[in-house]
Structure formats: structure tokens, C-alpha cells
Amino acid sequence: MARKKIALIGAGMIGGTLAHLAAKKEMGDIVLFDIAEGMPQGKALDLSQCGPIEGFDAKITGSNDYADIAGADVVIVTAGVPRKPGMSRDDLLGINLKVMKSVGEGIKNNCPDAFVICITNPLDAMVWALREFSGLPHNKVVGMAGVLDSARFATFLAWEFGCSVKDVNAFVLGGHGDTMVPVTSYTTINGIPVNDYAKIKGVSESRIDEIVDRTRKGGGEIVGLLGNGSAYYAPATSAIAMAEAYLGDQKRILPCASYVEGKYGLDGLYVGVPTVIGAGGTEEVIEIELSDEEKNNLKVSTDAVEELLEACKSLDGSLA
Ligand code: A3D
């Protein structure tokens with residue numbers, strides 16, 4: 001069987017980390033694509049030289065030519081610019097929307113059968129726009145956010161309880177941003193509902209609320225500490241888990257920014273929901289029972305996503 005091909009569009013901090021992880025796991029041959037000349041080629045060369053030491057066998061190439069992503073099985077998109085001081089959310093939206101247009105066309109023309117995972121922010125709007133521009137089926141284009149947000153929630157809970165992160169199954173829904181919805185009712189410590197476990201361990205409700213709040217602001221906390229740039233290790237690890245679920249037809253249920261039509265009372269937008277990922281891409285969106293408060297929180301979150309989509313449509317008439 002031919003080796004799988006993984007195309008990484010954007011060879012920056014997350015792109016480079018994705019390449020390293022994918023190579024270590026021998027997921028396939030890797031193409032690092034970027035508009036910056038020399039940089040993806042340099043990273044590819046550097047990463048290739050890890051092979052003899054780590055013992056992985058993967059061909060890693062850098063490119064500035066979309067033709068080199070031809071036939072990719074998986075495409076992970078991190079292309080774009082981060083928000084800089086003084087830049088409004090709309091400024092960022094405008095710039096990254098244009099990036100999604102060129103990336104979408106590159107995918108459509110070179111690897112229309114790929115499973116595409118978008119990471120570029122603002123996530124829920126960019127994955128929607130990328131799908132529109134690429135014209136791929138909705139089940140083959142997905143956004144990465146919930147796996148990361150849930151991992152942040154799980155990490156903070158494990159620290160609080162002094163338990164292993166392996167035993168925490170945390171759950172975050174909604175858009176990627178301050179309005180995301182960490183769902184405590186579906187969060188367990190090895191099957192024990194988190195609120196029950198908090199009582200056992202003498203952890204107050206307000207402490208759990210603080211952890212929920214820290215999760216919501218988890219990206220910003222890292223931006224503040226780094227001083228330049230945003231998180232990249234855990235975002236890359238999260239997208240790799242999604243790619244592995246697709247390539248291995250694992251049928252994992254992962255919180256992803258998936259296209260929702262009908263479920264959760266939503267119609268035609270991408271937002272974080274539990275999703276089955278297998279060989280068919282995003283095979284099913286799972287609709288879970290939510291409390292009234294969780295429903296309200298999800299509504300606030302999806303309203304924020306809708307607003308971004310309207311902004312995209314007014315910035316690019318072809319999306320209207
Ligand atoms: P960075 O290191 O700046 O890499 C972005 C790369 O995109 C750079 O190398 C650019 O040269 C390249 N690029 C810009 N325009 C284009 C284009 N038109 N075509 C191809 N490449 C282009 O950023 P990063 O890797 O740290 O982050 C990438 C994106 O992920 C940003 O938008 C972040 O905001 C986002 N991000 C999302 C999450 C989520 O959880 C959703 C988490 C962390 C970062």
C-alpha cells in the first residue's frame with residue numbers, strides 16, 4: 001500500500017510541530033507548504049535529519065508550490081497571521097479570510113479528496129470559509145479546537161484533584177473563544193461525574209467555576225506568557241489525534257468544529273460539537289442532552305460564531 005501523504009499548509013510554529021509529530025508517528029510522507037520562501041524547505045531539511053536519530057522513516061519536503069500537495073490524504077491548515085497589538089478582530093478576519101481563499105483553491109485544485117483540518121483563527125469562521133472556498137463536502141472539512149480546549153480543561157482538573165490526566169475525560173462544546181462551553185455534566189474522572197468527585201475531594205463549586213473560566217481563557221494565558229505568538233505544542237497534538245482518527249478509521253468521538261445542520265437547533269454553521277471521526281471524515285455529529293444553562297451558554301457561543309460568518313460574508317461577496 002502506498003504511503004499516506006500529509007500536507008501542512010502553513011509551516012510556522014504549529015506547522016513545524018505537526019510535521020515533527022507526524023514524522024515521529026510515521027503517519028506518512030509530509031509536505032510543509034508556506035508562502036515564505038526557504039522557511040518550509042529549511043524546516044523540512046532540519047526535521048528530516050531527526051529521522052536517523054529518532055528512527056522514523058518519513059519523507060519530509062518543504063514547498064512554495066501548491067502542486068506539491070497533489071493527492072494529499074490529509075491537509076492540516078495553519079496558514080494565516082496571528083492577531084497583533086492594535087489589530088481589530090475584523091482586521092484579522094479580513095486578512096485570514098483572504099488566506100483561506102487561496103488555501104481553499106489550492107486544496108480544490110490539487111487534493112479534492114483530502115480530509116482537511118483547519119486550525120487558523122478565528123477558528124469557527126475560518127473553517128466555514130475554507131469549506132466554502134474549497135467546495136469539498138462538509139464531512140471532509142473540520143476545525144480543531146474542542147480537542148485542545150478539552151485537553152486544557154482536563155489538565156487543570158487533574159492538577160486540582162491531584163489525579164492522573166489519563167483519568168480525566170473532559171468535554172468542551174461551542175465556538176473556540178471566550179464563549180466556549182466547558183460541559184461539567186459530561187466531564188468525568190474515570191466515570192465519576194466531576195461535580196460528584198469535587199464533593200468527595202472537598203473542592204468547591206466556585207473552584208470548578210474558576211477552572212472553567214481558566215479553560216475559556218486558556219489560549220490567552222499562553223499568549224500572555226509567551227509574549228510573542230500563541231500555543232503550538234498542544235494545538236498540533238490535538239490535530240494529529242484527529243488526523244489519526246481519520247487515517248485509522250478509528251470512529252473516535254472527539255469535540256470538533258463540525259458542520260451542524262439541524263442538530264442543537266442549528267442550521268448551517270461550524271461549531272464545536274461531539275463528532276465521530278472515521279474513514280468517512282466527520283461521520284456523525286452526536287447531539288447530547290444539555291441543561292437549560294448549558295443550552296443558553298451554547299446559544300451565546302453560536303451567536304458569536306454567526307456574527308463572524310456575517311462579517312465574512314460582508315468582507316467577501318462570493319460567500320454571501
Ligand atoms: P505562525 O507561526 O505565524 O504560522 C503561520 C504561517 O502561515 C506562517 O509561516 C506564514 O508564513 C504562513 N502563511 C501566511 N499566509 C499564508 C498563505 N496565504 N499561504 C500559506 N501560508 C501562509 O502561526 P502558528 O503556527 O502559531 O498559528 C497558526 C494559526 O493557528 C493562527 O491563526 C493561530 O491563531 C491559530 N491557532 C489556533 C488554535 C486553535 O485552537 C483553533 C490554537 C493555536 C493557534
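Heads up, the Cβ atoms here are built off N, Cα and C, so glycines get one too.
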Suppose a student reads TrEMBL and sees GLY10, ALA11, GLY12, MET13, ILE14, GLY15, ASP34, ILE119, THR120, ASN121 listed for NAD(+). Which of ASN96, ASN169, ASN190 should they find annotated at that same site? ASN96
For a three-state summary based on DSSP, what are the helix, strand and coil counts in the domain 'Lactate/malate dehydrogenase N-terminal' (5-143)? 67 helix, 25 strand, 47 coil
Smallest number of other CB atoms within 10 Å: among the binding-site residues ILE14, ILE119, that is ILE14
Listed recorded positions adjacent to ligand 1, that is, members of ARG83, ASN121, ARG152, HIS176 whose C-beta is under 6 A away: ASN121, HIS176
I need the nearest neighbour of ILE119 (NAD(+) binding site) among the recorded positions ARG83, ARG152, HIS176, using C-alpha distances. HIS176
Given the binding-site residues GLY10, ILE14, ASP34, ARG83, ASN121, which one's Cα is the least distant from that of HIS176 (active site, proton acceptor)? ASN121
